[in-house]
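Have a look at the structure below before the remarks.
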Amino acid sequence: MSHLSSQAETDMAVAWSARWQDFVALLKPRVMTLVVFTGLCGLLAAPGSIHPMIAFTAILCIAVGAGAAGALNMWYESDVDALMRRTAGRPIPAGRMNPDDAAAFAVTLAGGAVLIMGLAVNWLAAAVLLASILFYVVVYTMWLKRRTPQNIVIGGAAGAFPPVIGWVAVTGSIDPLAALMFAIIFLWTPPHFWSLSLYACSDYARAGIPMLPVVAGEQATRRQIWSYTLLMVAATLAPVALGELGVLYAATATVLGGVFIAGALKLRRTGQISDAKRLFAFSILYLFLLFAAIVADRLVLA
Ligand code: HEM
Ligand SMILES: CC(C)=CCC/C(C)=C/CC/C(C)=C/COP(=O)(O)OP(=O)(O)O
């Protein structure tokens, strides 16, 4: 007879079947690309200089901190992830990873990233990194996501911090352009996510998550996407109005903003899934290009 309880045996079997790819998947690497890119843009757009090794360390800490936050999100949400087609294959709900291992891995990475950021870069950058991890895990995932359709508006602030962290790594202070980069991502998140939620709606309904199309309907969601798109495009022009960025950025933001507005308007009019899919895909390209333009404007034309 085995001296292990059947629960312990099950736990061990789960732990044993996790491969390194599962630990990588836990970090949400695809979402992390844009998080790291916006963090890098904040760092490159900031005035002053930073040693390349310190810069590399800061970006690594943003990547690891964001990955750890994603892993904690997957640890906390494995019950609802199991109910959604898009997420059922993740390491924990698929039964390949022991939740305790995932939590230990994530907490170690989060603690390490914040500590190294503080020791090697500066403590304000470490504090903002910690705040963004806590915002994503505690405010968004644990508190708001299952309670209100405004979950992503408020909780989405977590994803707006990376350029601020990059900026603070260089300057040690939060300045107007850093705050504007935060505002742009903050206002970008609702159109980004709600366009996706329009075609992943049944998944969220099945999991009992009160995403906007589930609670308020598709038409209201399309209206909200439209409103936030206009606010976001206005915010992207604020750095020009305030003299923080010049003509290269102004032209890029205007063209990109025009395309985003056209996409949101088309979606509002037609309500077609294909238009929602197109707008979601464009939202990602949009943020990459807009932030590249911020850096180009600051560096190339400086
Ligand atoms: C609360 C805020 C947000 C929510 C609810 C959200 C949700 C989602 C979801 C459900 C997906 C598709 C599935 C997936 O790949 O996991 C996705 C994809 C993506 N998101 Fe977001 N997102 C948010 C904020 C952000 C932020 C702040 C960024 C980066 C700045 C970002 C970058 C991306 C990228 C790059 C993808 C594409 C990943 C791929 O190709 O699979 N998201 N987002
Ligand atoms: C520096 C730092 C901590 C940054 C974290 C920023 C970050 C990646 C925020 C975005 C949040 C995100 C990917 C939400 C996905 O929603 P969800 O978790 O509801 O998606 P799911 O349904 O795919 O799990």
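Glycine is no exception: its Cβ is also placed from the backbone N, Cα and C atoms.
Straight from TrEMBL, the features:
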TRANSMEM  31-48  transmembrane segment
TRANSMEM  54-76  transmembrane segment
TRANSMEM  102-120  transmembrane segment
TRANSMEM  126-144  transmembrane segment
TRANSMEM  151-170  transmembrane segment
TRANSMEM  176-201  transmembrane segment
TRANSMEM  225-242  transmembrane segment
TRANSMEM  248-267  transmembrane segment
TRANSMEM  279-296  transmembrane segment
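Same-chain neighbours of the transmembrane segment (54-76): 26-29, 31-32, 35-36, 39-40, 43, 90-92, 99, 102-103, 105-107, 109-110, 112-114, 116-117, 120-121, 125-126, 129-130, 132-133, 136-137, 140-142, 158, 162, 165-166, 169-170, counting only residues six or more beyond its ends whose CB sits under 8 Å from a CB of the stretch. Long-range contacts of the transmembrane segment (31-48) within the same chain: residues 55, 58-59, 62-63, 66-67, 70, 159, 162-167, 169-171, 175, 177-178, 181, 185, 284, 287-288, 291-292, 294-295, 298-299, each at least 6 residues beyond the stretch ends and with a Cβ under 8 Å from a Cβ of the stretch. Counting same-chain residues at least six beyond the ends of the transmembrane segment (225-242), those with a Cβ under 8 angstroms from any Cβ of the stretch are 176-177, 180, 183-184, 187-188, 190-191, 194-195, 249-250, 253-254, 256-257, 260-261, 264-265, 267-268, 279, 290, 294. Beyond its flanks by at least six residues, the transmembrane segment (176-201) meets 38, 41-42, 45-46, 84, 86, 152-153, 156-157, 159-164, 167-168, 211-214, 218, 221-222, 224-225, 228-229, 231-232, 235-236, 238-239, 242, 244-245, 260, 264, 267, 273, 276-277, 279-280, 283-284, 286-287, 290-291, 294 of its own chain at Cβ-Cβ distances under 8 Å.
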